[in-house]
Amino acid sequence: MGVALRDILTDLKRPAETDELKGVAAIDAFNALYQFLSIIRQPDGTPLMDDSGRITSHLSGIFFRTANFLTQGIRPVFIFDGKSPEMKGRTIQERRDVREESKEKWDQAKKEGDLAGAFRYAMSSTAIDAYILSSARQLIQLMGLPVVDAPSEGEAQGAYMVLKGDADYVVSQDYDTLLFGTPVLVRNLTISGKRRLHGRQITVQPERIVLSDVLSTLDITREQLIEIAILTGTDFNPGIRGIGAKTGLKKIKSGEFDSIIREKLPDFDPEPVRSFFLNPPVTDSYTLDPGRIDRDGIRAFLCGEHGFSQDRVDPVLDKISKKEKQKTLESWF
């Protein structure tokens, strides 16, 4: 997912302070769901499921993680992708192929008793289908949280909402959110905490990247950042072998973009990709007014339909309700 800009952004990421996270968070819903589905699994990689065999890992992630957001003063808005641009067809097919191959390797690792390998391949086999999307949306709305339907890429819509002043930052793992122009990108918010990586426990912290700091430190424009991404590869075009982010930065600053494209990718027109990042389809058709949490509806959905323990769900609902009452009292002063 996203673009390979990490090597030139490593020194520009910093831990996000608690106060910096308060406010409206425009969450890339597909990205968050993918993280929940990838990580919330049993030791052999099997996702959480209800008695009917329906996956519930994403519901667990949405409910418990979002409840934590609300108690910290974070107001989540979930943005769902719309129609993918035709340019993304290659990437979508490649991801489908990776999932199918990973599924086969996951099954084999389980047969061999290789739990570490099974978990790793299971993560790579993660897929988001119609059930995942509809059940996620239902729970989000039962929690009284706004849902925005993007006409195309969710990160682009989130960036637009931050630029417009309707949100404070975009939450996504994908660096291409910066290419869409978001002033602030927060990574790791949906997966922060202790996580298992390559067989060992690590602590993942939310990190904050400010676009203006990136551009000023690297001494480039947003258009040049997009050109670096095009050279290294995006969801909409393959990269050039041998050119990573650091090399791409050098090439762009020396004015070599056009000549490299002509030499290495003579049949590729970068303009549609550049234009999509600069002027993506977005919409003003949304409302961010929060609704009230439907406690009975959540119990019926999580505990009744999907087998969640009411002993785990009720304390979380109480915590959210307490925060809601506190906010109501504060609004009088």
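In case you wondered, yes, glycine gets a Cβ from its N, Cα and C as well.
Predicted, not measured: the structure shown is a model, and the values here were computed from it.
Record note: Swiss-Prot gives Asp81, Glu153, Glu155 as Mg(2+) 1-binding, and the candidate from Asp19, Asp28, Asp213, Asp219 in that site is Asp28. In Swiss-Prot, the feature region 'Interaction with PCNA' is placed on 325-333, out of the ranges 280-288, 307-315, 316-324, 325-333. Together with Asp174, Asp176, Swiss-Prot lists one candidate of Asp97, Asp107, Asp114, Asp235 for binding Mg(2+) 2, that being Asp235. Helix, strand and coil counts under DSSP for the region 'I-domain' (117-255) come to 64 helix, 26 strand, 49 coil. A gap of 11 Å separates the Cα atoms of Glu153 (Mg(2+) 1 binding site) and Asp176 (Mg(2+) 2 binding site).
Cα spacing between Asp28 (Mg(2+) 1 binding site) and Asp174 (Mg(2+) 2 binding site): 9 Å, rounded to the nearest whole number. Rounded to a whole number, the C-alpha distance linking Asp174 (Mg(2+) 2 binding site) with Glu155 (Mg(2+) 1 binding site) is 8 angstrom. Residue counts for the region 'N-domain' (1-99) under DSSP, split into helix (H, G, I), strand (E, B) and coil, are 51 helix, 19 strand, 29 coil.
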